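Noted in TrEMBL for the protein shown:
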DOMAIN    52-413  domain 'FMN hydroxy acid dehydrogenase'
BINDING   78, 183, 218, 308, 311  glyoxylate binding site
BINDING   131-133, 160, 181, 209, 284, 306, 339-343, 362-363  FMN binding site
ACT_SITE  308  active site, proton acceptor
Ligand code: FNR
C-alpha cells in the first residue's frame, strides 16, 4: 500500500567507502498510524513508510477494525453489537446514505462558524459524545481519556451511569462541560444520591435514558456470557454493592438490569426527577412524535432522538429517519438532538438539515479509545469536525443557521420533488 520513494544519487557522487550507518533515534509512530497498533507490524516499518500496513486513519470508522484486533472478543462484541437481527444497527448507517445533498454554489465560504450553544453552553461544534458504559474495558484511561479529549475539542461529554470512573473522578480531569446519563434504579435513594453527586461534581445536565426498562437482547453478549471484568467496577455504585456484575447463564448486564433497573419508570418520574434536581433534563430515547409531545409537556429541557445505538428494540427505524417527525412535534419548543450511526461530517449536516440542534457519537469513541486512548478520541473529534466543516463549505453554508431542509433530499421528498435515482 505504501511505497517509499527512493532517490539515488549518481554513482560518481558517492564516497568510495560509505560510513557505517548511524542508528536512527527511536521514532514514535505517528499517533494515528494503524501500523503501530498492530502487533505484526513493527515501528520500523511505520517509520519508513510513515503509515504501515493499513495506512493512516482517515475516517472514524477505521478505528473499529483496530479495536477488533486489540480487544478480547467479549469486550469488542459488547461495544460493537446491536439487538437481535441487528437490522436497526445496519439501518442506522444505511438511512444516512439514502439522503442526498442539494448544495448551493458561489457563496463565499472562506469563513465557517461551527460554534453553537447547547442548553446555554457554548461549544465549538454541534458534535458531542454520547454516554457509553464501561470505557476502561477499552483502555486503562477509559472515561478520563474521553473527558480530556472532549474538553480539548471544546465539546460536551456525556458520562454513563455505568462508567468505570466515578463522576468525581471524571470531574477531577479538569474543566469541561459534561452531562450525566442517568439510569433509574429501583432504589430511588441510590438515584437521588447519584444525582446530587453529579451536581456537586459540576455536571450540567441529566440525560435520562428512557428506552431501557429491560436490556435489549444482544445475542453476542448472551453467547459470550458478558460480564464486567473483575478488575473493574461500575464506579458510581462502588460501596453500594451495585458496582459489580455477577456471571450468569445470560448476559451478566441483562441480569444486572433485570435486578436493579426500575421497569415501572413512566412520565411521572420525569416530574419526580425535576423535583430532586434543578439540572435540565434531556429525555434520551424518543423516536416518535407522540413521545416528543409528551416530553415537551413533561418539562424536559430537550430530546435526544436515540435508539440506543440499535441495542434495544430491533426493527425500530434509524434515528435519522425518525428525526423529522420528532422535530415537527417538538415544534421548536425544546431542542432536539440525535444519536445513532453518526460517522461522517455529512451525517452531522444531514441531521442538522432535518432539524437537529446537534448530534452525539457513541461507538467511534470506544473504538478509538481501544486503539489509541485519548489521542484516538481527539482524532475522532478532529476528523468529524473537519469533515463537517468541509460539508458546510461544499454546501454553501457558513454558519449552522445557514443549514436548511432544502440542502438535502430524503426519500420522503420523492413525491414532493424529483428525486435522483440511488
Ligand atoms: C451505549 N449507549 C448507552 N446509552 C446510555 O444511555 N447509557 C449507557 O450506559 C450506554 N452505554 C452504551 C455502551 C455502548 C458500548 C454503546 C455502543 C452504546 C448508547 C449510546 O449512548 C448511544 O445512544 C449510541 O451509542 C449511539 O449510536 P452509535 O453512535 O454508537 O451508532
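Think of each number as a place in line: the chain as shown, counted from 1.
Each Cβ is built from the backbone N, Cα and C atoms, and glycine gets one as well.
Mapped onto this structure are the features recorded in TrEMBL.
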residue	record	Cβ neighbours (10 Å)
131	FMN binding site	25
133	FMN binding site	20
181	FMN binding site	24
218	glyoxylate binding site	25
284	FMN binding site	28
308	glyoxylate binding site	24
339	FMN binding site	27
341	FMN binding site	28
343	FMN binding site	21
363	FMN binding site	22
(message) Based on a Cβ-to-ligand 1 distance below 6 Å, what subset of the binding-site residues 183, 218, 343 would you report?
(response) none
(message) Checking your reading of the structure: which of the binding-site residues 78, 218, 311 lie inside a 10 Å Cα sphere centred on residue 181 (FMN binding site)?
(response) none
(message) Mean pLDDT for the domain 'FMN hydroxy acid dehydrogenase' (52-413), rounded to an integer?
(response) 96
(message) Rounded to a whole angstrom, what is the C-alpha distance between residue 339 (FMN binding site) and residue 308 (glyoxylate binding site)?
(response) 8
(request) Using C-alpha atoms only, work out the spacing between residue 133 (FMN binding site) and residue 311 (glyoxylate binding site) and round it to an integer in Å. (result) 13
(message) Using only C-alpha positions, which one of 284, 343, 363 is spatially nearest residue 78 (glyoxylate binding site)? These are the binding-site residues in the record.
(response) 363
(request) If we count other C-beta atoms within 10 Å, could you say which of the binding-site residues 78, 183 has the fewest? (result) 183
(message) Measuring Cα to Cα, how far is residue 183 (glyoxylate binding site) from residue 284 (FMN binding site) in Å?
(response) 11
(message) DSSP secondary structure for residue 363 (FMN binding site), reduced to helix/strand/coil, please.
(response) helix
(message) Please list, in sequence order, the residues in the chain of residue 311 (glyoxylate binding site) that are at least six apart in sequence and whose C-beta is under 8 Å away from its C-beta.
(response) 81, 82, 83, 216, 218
(message) Based on the record's binding annotation for glyoxylate (78, 183, 218, 308, 311), what whole-number value in Å is the widest Cα to Cα distance?
(response) 19
(request) Provide, as an integer number of angstrom, the distance between the C-alpha atoms of residue 343 (FMN binding site) and residue 308 (glyoxylate binding site). (result) 15
